[in-house]
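The following features are taken from TrEMBL:
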{"type": "DOMAIN", "residues": "81-192", "note": "domain 'Amino acid transporter transmembrane'"}
{"type": "TRANSMEM", "residues": "83-103", "note": "transmembrane segment"}
{"type": "TRANSMEM", "residues": "109-129", "note": "transmembrane segment"}
{"type": "TRANSMEM", "residues": "162-182", "note": "transmembrane segment"}
{"type": "TRANSMEM", "residues": "255-271", "note": "transmembrane segment"}
{"type": "DOMAIN", "residues": "259-521", "note": "domain 'Amino acid transporter transmembrane'"}
{"type": "TRANSMEM", "residues": "278-302", "note": "transmembrane segment"}
{"type": "TRANSMEM", "residues": "322-344", "note": "transmembrane segment"}
{"type": "TRANSMEM", "residues": "356-377", "note": "transmembrane segment"}
{"type": "TRANSMEM", "residues": "405-426", "note": "transmembrane segment"}
{"type": "TRANSMEM", "residues": "438-463", "note": "transmembrane segment"}
{"type": "TRANSMEM", "residues": "469-492", "note": "transmembrane segment"}
{"type": "TRANSMEM", "residues": "504-524", "note": "transmembrane segment"}
């Protein structure tokens, strides 16, 4: 008797075969794309010979954010649910910029700070949406392996290729400089806390501050320069040993150099993929910071007084001319445009990309708003002035504050694991362009790493202002990746299709001018 197969079963088998074929094709495409990031001898992003990587095994890096591996909660076919996609975008964007948001709000004024966070979130989201759509507007059969720099090269030729490399290096090196300054800060305060605890030394910084168990200090009031570890010893301890410790454990003169012994060898490793295993620390650090801010605000209370245009001894106006300093910080705080295509291409339902991206941006903006507003509002004014809010708000808590000590430990370890990954990406992008190999020799790699580390040490020694570094690098790389390239590519695409209208032209030229004004303002204010 002839074998009978139900038609529905035939359809099911065919669908499964087609799905397997599609997934195998997607795997090969990703292998082809990520193999271009490294040399054949460097296996960090290369598939092992005996196994094809799942399409979701991808490392994503964002300046001042976390190194994130897209490898969890898939549906068995290498695709992520919308919830996972939203979380990955949030996790990648949330970085050390969050430490400077309260300072940025102080610079802009409370009311204008809130408005600017909302407006910059909307503007950068729109430009991010244009980045995602830019690849789809190219009339080629296969652009699935392309990232945004590839799109720039298609539209602008070698100029687009090299300029995207330049601005990408600005964002990466800027992030590494900020990391070095913060690691020096966290290592200094952590070492100071441990030394004082072990030797039973009680000290007080020579800076104005509040009294009580939830002490808040104003380091900037003690000097025109960033606070050092000047202190007065009040109780038991070896005075000679204590003074010797302060001489050799200085925030700007010694600690930035101690980090070289640990981090420079790690930068020279051929494959730093081991450190990506610690990406969960980025999420833990942000969650703990939100917890710390909530607890501190509950103890300190709310201290607000609305002065719209005049400044008094304890409060700042609601609107200040220094607001571009916040927009510079926010440009980098909302920056994900160089890796958003990678994050979204693993989304199970591609039709939800716009929705999921919008939700992720909303959550990032909400997190920035919560931390910035709560720290600003709860800062004890009086007796301290709101002008005392530091570029790193953890500096407003003394080194012997236990909750701040835990936060610094988390952030220090997280940054020490992400720093080699950022250095690896900078090496791959730069050396591969010039030498065709991400690791041409130990000498080449060492020279590059010495230059990057030297920049970090110099800034930690002479300009340890993370808010300033973030806003300069954010406005610079944001000019290209956030404002100029997405708008130009969109206008060119519409023009080639004969669909460019005057409103679209005016709007996107205005966006480009906003990015240019944002950059220029950083050097004027």
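Glycine is treated like the rest: Cβ placed from N, Cα and C.
Nobody curates TrEMBL annotations by hand; they come from automatic prediction.
From a predicted model like this one, the values you see are computed outputs, not experimental measurements.
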Report, as numbers and ranges, every residue of the chain located at least six residues beyond the transmembrane segment (405-426) whose Cβ falls under 8 Å of a Cβ in that stretch; write 'none' if there are none.
44, 59, 61, 63, 66-67, 96, 169, 172-173, 175-176, 179-180, 182-183, 185-187, 189-190, 193, 262-263, 266-267, 269, 271-272, 275-276, 278-279, 281-282, 284-285, 288-289, 292, 394, 399, 448-449, 452
Cβ pairs under 8 Å only, please: of the recorded stretches 83-103, 278-302, 438-463, which one is richest in them relative to the transmembrane segment (322-344)?
83-103
With DSSP, how much of the domain 'Amino acid transporter transmembrane' (81-192) is helix, how much strand and how much coil, in residues?
96 helix, 0 strand, 16 coil
For the transmembrane segment (109-129), find every same-chain residue at least 6 residues outside the stretch whose CB is under 8 Å from a CB in it, and list them.
101, 304, 306, 308, 316-320, 323, 326-327, 330-331, 334-337, 340, 354, 357-358, 361-362, 364-365, 368-369, 372-373, 376-377, 482-483, 486-487, 511, 514
Test of understanding: applying the rule of at least three C-beta pairs under 8 Å (pairs 6 or more apart in sequence), is the transmembrane segment (504-524) touching the transmembrane segment (438-463)?
no
Result, the transmembrane segment (255-271) in contact with the transmembrane segment (469-492) (3+ CB pairs under 8 Å)
no
Against which stretches of its own chain does the transmembrane segment (255-271) lie, if we need a Cβ under 8 Å and a gap of at least six residues from its ends?
41-44, 180-181, 183-184, 187-188, 191, 249, 416, 419-420, 423-424, 439, 442, 445-446, 449-450, 452-453, 456-457, 460-461
Chain residues in Cβ proximity to the transmembrane segment (504-524) (below 8 Å; excluding those fewer than six residues from its ends, i.e. six or more beyond):
123, 127, 324-325, 327-328, 331, 471-472, 475-476, 478-479, 482-484, 487-488, 490-491, 494
